[in-house]
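Let me begin by presenting the structure, written as structure tokens, before commenting on it.
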């Protein structure tokens, strides 16, 4: 076993034992195995979230989902049963005027654009999305804002009690985490009487629990790519088939330009069920004859999402005017792969305002803090990381050059699930980072005090070992490039103490510019060096800079005129960073 892995194992044992000790004490104190059902609907928000976390999907459930992939009806029937036990019928969802959106990348941004456009017309909007970044209530929004802690708590316990009351020996009392939140969103939107609800698919489409929606007003498919291969398939065509599962007979659907194969699959899926499917024209076509459209989200790839959002909003408005009758009038028939081109129209002032005012944290988001500039993008597929790299490099090209010191580029990265971290890291190398920092999606080593950030589906040991693997991939890529090691440092001193900085590079074997930390907070403390005016943690934990690379790097970061930090690879990582950099998001 290499010295680096031995070093990591020791640190893992200490950190994991500490975290497990805290968790065990809390579990014993709270009695998690037999947690009493609270009787007061006004229980504190964090208690509601802790109870929700007991429903988090585990590996066994995921295996069950994979086995049932060939029978989506089984899963949808189970969801319909939960819906009925909660006091609703599928027919009740027809009253929500739903816009249903799927895709591999950009579906969340498309939903955010769509919701903001329609809200600009004075409509009361609902918005269901996933995952959350800082607080779980972000997943259920009304008029663009996460529902309040009080509203979340009220609806959570109301649904929880209802499901408890209606259980019997033939069914599981509680649905898993995401299904519960989906049910809760439907209840919130109906009770709060929204004019429309924008609903983002969780994973895929055909088997997703949001697909109990029978009569959406309009559907959308954003850009397709490879993701969630264990559930959706290992080709873009298989994934396209899954995404097309949200199409409904007679309900118009729109998609952006896709590669030939998946576009043909979407077309065939639509034809089989008599769903009118349209191809969105480029945004430039809608800008002709008028001023350019200004988007609230940065990045060239957001123009495709905005084009889809305009079509979804335009179609929704038209069908409401016609009381649900008729279909969009295609601008030209028989285009690419026999898909008609969606209408070309002049965006209204409300549409322009909505596009300009759209905010979607954690996606091509920039925070400028003194010498530090944080670039936050939760890209986690090959195509979305490519788009992220283009955005980051363009942003650096347009910056003002500082005087009085060097510039430093830092990558903060993590990847989870069945994604290929080596492939994603290779795509990030053209950004020419001076340092690559890896850490798990844990704000602190122990998250017991913050229910919103808890994840019971993995262990601390697992996530830290994965970070080590990321570092090894990065160092291997550095070796392949044979790039000069600008920040080399001496080997660790013999007998040096095990630090909160985990697994520095093995001496003499790889680049010295990569570091692994045990949590996001420690990584940000090292990167910012106290120079971020908002993120000002107490004195660094003991041992944070015991390794020479961390020590020498800290000196460079303290003296740099500008520090550019790209945070990417996981929306959960971005969420943890935002929690620390923007404390107001936790209020």
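Just so it is clear, glycine is given a Cβ too, placed from its N, Cα and C backbone atoms.
Feature list (source: TrEMBL):
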type	residues	note
BINDING	130, 200	Mg(2+) 1 binding site
BINDING	228	Mg(2+) 2 binding site
BINDING	363, 377	ATP binding site
SIGNAL	1-21	signal peptide
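In the structure as shown, the Cβ atom of residue 377 (ATP binding site) sits within 10 Å of 25 other Cβ atoms. With the fewest other C-beta atoms within 10 Å around its C-beta, 130 stands out among the binding-site residues 130, 200, 363. Residue 363 (ATP binding site) sits 16 Å from residue 200 (Mg(2+) 1 binding site), taking the C-alpha atoms as the reference points. Cα of residue 130 (Mg(2+) 1 binding site) to Cα of residue 377 (ATP binding site): a distance of 15 Å.
For the pair residue 200 (Mg(2+) 1 binding site) and residue 377 (ATP binding site), the Cα-Cα distance reads 18 Å.
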